[in-house]
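Undergrad: Annotations per Swiss-Prot:
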- Cys77-Cys129: disulfide bond (DISULFID)
- Cys103-Cys118: disulfide bond (DISULFID)
- Cys104-Cys114: disulfide bond (DISULFID)
- Cys152-Cys172: disulfide bond (DISULFID)
- Cys164-Cys177: disulfide bond (DISULFID)
- Cys209-Cys215: disulfide bond (DISULFID)
- Cys334-Cys337: disulfide bond (DISULFID)
- Cys364-Cys418: disulfide bond (DISULFID)
- Cys383-Cys395: disulfide bond (DISULFID)
- Cys425-Cys438: disulfide bond (DISULFID)
- Cys550-Cys557: disulfide bond (DISULFID)
- Asn43: N-linked glycosylation site (CARBOHYD)
- Asn199: N-linked glycosylation site (CARBOHYD)
- Asn211: N-linked glycosylation site (CARBOHYD)
- Asn324: N-linked glycosylation site (CARBOHYD)
- Asn356: N-linked glycosylation site (CARBOHYD)
- Asn363: N-linked glycosylation site (CARBOHYD)
- Asn396: N-linked glycosylation site (CARBOHYD)
- Asn400: N-linked glycosylation site (CARBOHYD)
- Asn432: N-linked glycosylation site (CARBOHYD)
- 266-307: region 'Disordered' (REGION)
- 650-653: motif 'YXXL motif' (MOTIF)
- 1-31: signal peptide (SIGNAL)
- 627-665: topological domain 'Cytoplasmic' (TOPO_DOM)
Amino acid sequence: MESTTLSKPFKNQVNPWGPLIVLLILGRVNPVALGNSPHQVFNLSWEVTNEDRETVWAITGNHPLWTWWPDLTPDLCMLALHGPSYWGLEYQAPFSPPPGPPCCSGSSGSTPGCSRDCEEPLTSYTPRCNTAWNRLKLSKVTHAHNEGFYVCPGPHRPRWARSCGGPESFYCASWGCETTGRASWKPSSSWDYITVSNNLTSGQATPVCKNNTWCNSLTIRFTSLGKQATSWVTGHWWGLRLYVSGHDPGLIFGIRLKITDSGPRVPIGPNPVLSDQRPPSQPRSPPHSNSTPTETPLTLPEPPPAGVENRLLNLVKGAYQALNLTSPDRTQECWLCLVSGPPYYEGVAVLGTYSNHTSAPANCSVALQHKLTLSEVTGQGLCVGAVPKTHQALCNTTQNTSGGSYYLAAPAGTIWACNTGLTPCLSTTVLNLTTDYCVLVELWPRVTYHSPSYVYHQFERRGKYKREPVSLTLALLLGGLTMGGIAAGIGTGTTALVATQQLQAAVHDDLKEVEKSITNLEKSLTSLSEVVLQNRRGLDLLFLKEGGLCAALKEECCFYADHTGVVRDSMAKLRERLNQRQKLFESGQGWFERLFNGSPWFTTLISTIMGPLIVLLLILLLGPCILNRLVQFVKDRISVVQALVLTQQYHQLKSIDPEEMESRE
């Protein structure tokens, strides 16, 4: 832009089609698709870059994504590093002290080699950044009423701003492109992402410049639309030009967000979902040696990552420890079973006292990388946020967050179950900006408890239950222990809570593996990840079953436990217990029952020929009697027939009484 009287307006030009175009653009913007919990804390760095994309100023903090919008205060000369030659910083390195000697009138006094021209009248030459005197002139220009600077947006501008040009004109090829700055016409915009102004007043900047330091600090603030944008990771660009007589010098600067803890790296190669199917680690005894031991420094090797078997066995062992110390009568002899189908975990809503933190605690940065859903929550506990009516039955107490930015950390042994997933701590900024809600829960693995009689009957097949027995899960047996155990005054209070730490550690490790499986499946086959995930735990349990570590009971993988602990080789223990029951059963049988139990083929043979033998014996025993009866019956009928035949062939003579004849005579 050349300096002419008519070419420099005193107000911003407004495009009447601007609002409509902005709405269309916003309708097409897609937010960054991150699978993290919105409450997870990341290490965020807002960076201001020069034209070469070098970071010249940065500010870092630990906050949830899209909740931290600090004021950026880079120096104007820092933005000109490696810029056009008229700034005088072509060879200046980022984050280095400013070049040139200080002014002799500075607070440090007259030093050798100081510049005495700082007291001379300001000239009309182009202000530069290579000396303290030039930086002082630049400060006067940026604060002058009839001068100043203006800023034009880069590629994120709307389509109607095509006439604004590109980097060669610092995106300010025509008037009306400027959206912010410090100039007499007060440029502004309703759609740009930032506003830029001076950070220091003219009176504050003058002594700073004379002491040979960076003295042209700017204040960059995010607008409401800028806070809604989620494309800061790739960065946005602006052009800045000074408003002076003659040619307006300019520079290019950018703003970007750097997330240093954005989650696991994307693997290259085969799907790593089943890469951890390692056999369980067995304790090894040290080799025997007759040599004299020599003193060597003790070095502890790092433990290898737990395989599937170790991870699941630790889950069962933790469940046993917690159950044994709270209900020892239940662990005289029992079977603890892992289910192969989801849900793998269930929550119990509890009341607890969370802690407030003005800065993000350490556990806020280690949240799960994927939004894990807790599909089964029971009980009533503490709720935070806008809880819908469908979930208010889980709330015994509901607390609303007040204004301000702070963090709510869940008590030890608990976790926040939110509609956005599981998280160890909450950001009130996220809760106030959204309609999220969370319930404080204890997390229990879905481990079912079975009595030994039920398990043995299932394998012996001697009898059938008329109805399925009630499955007791760990949540039913131990629910509320973490927050309610001590308050209720149970006898095992402190000891039981200490025992739950092992279970919590196992739960944490297993949840990380489940989350890793979801992430890997999502990256490899998004459409099938939900289906394949249901088979993941089934595959894990299949490895345990094939290795003889557990007994398969319907859809469960069961581990034998008694007061000695969880038996690792559960299949061998099952065979041993079944053999014992078989011997006990046989000892109470007679010789006839033992005869049938001795040989399977003999039992089959007897059952096959028993019917024909019984029929033959009945014929031999009852046949003669029946035959005699039949013969006698036939003879009687023949005699009757013969009598009838004789009666038909002969007639009986009529007898005459002699006395009757004499009387007639």
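The backbone N, Cα and C atoms fix where each Cβ goes, glycine too.
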Undergrad: Where does the mean pLDDT land for the topological domain 'Cytoplasmic' (627-665)?
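TA: Within the topological domain 'Cytoplasmic' (627-665), the model's average pLDDT equals 76.
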Undergrad: So how many other Cβ atoms are close to Asn324 (N-linked glycosylation site), meaning within 10 Å of its Cβ?
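TA: So the number of other Cβ atoms within 10 Å of Asn324 (N-linked glycosylation site) is 22.
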Undergrad: Within 10 Å of Asn211 (N-linked glycosylation site) (Cα to Cα), which of the disulfide-bonded residues Cys103, Cys104, Cys118, Cys334, Cys395 do you find?
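TA: Hits: Cys103, Cys104.
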Undergrad: Cα within 10 Å of Asn363 (N-linked glycosylation site): which of the recorded positions Cys114, Cys177, Asn199, Cys334, Cys425, Asn432 qualify?
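TA: Of everything listed, what lies within 10 Å of Asn363 (N-linked glycosylation site) (Cα to Cα) is Cys425.
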Undergrad: Within 10 Å of Cys103 (disulfide bond), Cα to Cα, which of the recorded positions Cys114, Cys209, Asn324, Cys364, Asn396 are there?
TA: Cys114, Cys209
Undergrad: How long is the line from the C-alpha of Cys557 (disulfide bond) to the C-alpha of Cys337 (disulfide bond), rounded to the nearest angstrom?
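TA: Here the two Cα atoms are 5 Å apart.
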Undergrad: Could you measure between Cys129 (disulfide bond) and Asn43 (N-linked glycosylation site) for me? Cα positions, answer in whole angstrom.
TA: 33
Undergrad: How many Å separate the Cα atoms of Cys334 (disulfide bond) and Asn356 (N-linked glycosylation site)?
TA: 42
Undergrad: Among the disulfide-bonded residues listed here, Cys77, Cys114, Cys215, Cys337, Cys364, whose Cβ has the fewest other Cβ atoms inside 10 Å?
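TA: Across Cys77, Cys114, Cys215, Cys337, Cys364, these disulfide-bonded residues, the one with fewest Cβ atoms within 10 Å is Cys114.
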Undergrad: Are any of Cys172, Cys215, Cys364, Asn400 (the recorded positions) within 10 Å of Cys77 (disulfide bond) when you go C-alpha to C-alpha, and if so which?
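TA: So far as Cα distances go, the recorded positions lying within 10 Å of Cys77 (disulfide bond) are Cys215.
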Undergrad: Could you tally the C-beta atoms, other than its own, that fall within 10 angstroms of the C-beta of Cys118 (disulfide bond)?
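TA: For Cys118 (disulfide bond), the count of other Cβ atoms within 10 Å is 19.
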Undergrad: Can you tell which of the recorded positions Asn43, Cys104, Cys152, Asn199, Cys425 lies nearest to Cys209 (disulfide bond) in space, using Cα positions?
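TA: Going through Asn43, Cys104, Cys152, Asn199, Cys425 one by one, the closest to Cys209 (disulfide bond) is Cys104.
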Undergrad: At 10 angstroms around each C-beta, which of the glycosylation sites Asn363, Asn400 has the fewest other C-beta atoms nearby?
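TA: Checked Asn363, Asn400; of these glycosylation sites, fewest Cβ neighbours within 10 Å: Asn400.
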Undergrad: CA-CA, which of the disulfide-bonded residues Cys114, Cys425, Cys550 lies nearest Cys172 (disulfide bond)?
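TA: For Cys172 (disulfide bond), the spatially nearest of the disulfide-bonded residues is Cys114.
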Undergrad: Just counting, how many other CB atoms are there within 10 A of the CB of Cys383 (disulfide bond)?
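TA: Its Cβ has 22 other Cβ atoms within 10 Å.
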Undergrad: For Asn211 (N-linked glycosylation site), list the number of other Cβ atoms lying within 10 Å of its Cβ atom.
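TA: Within a 10 Å radius of the Cβ of Asn211 (N-linked glycosylation site) lie 16 other Cβ atoms.
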Undergrad: How would DSSP class Cys104 (disulfide bond) in three states?
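TA: Cys104 (disulfide bond) sits in coil per DSSP, no helix or strand.
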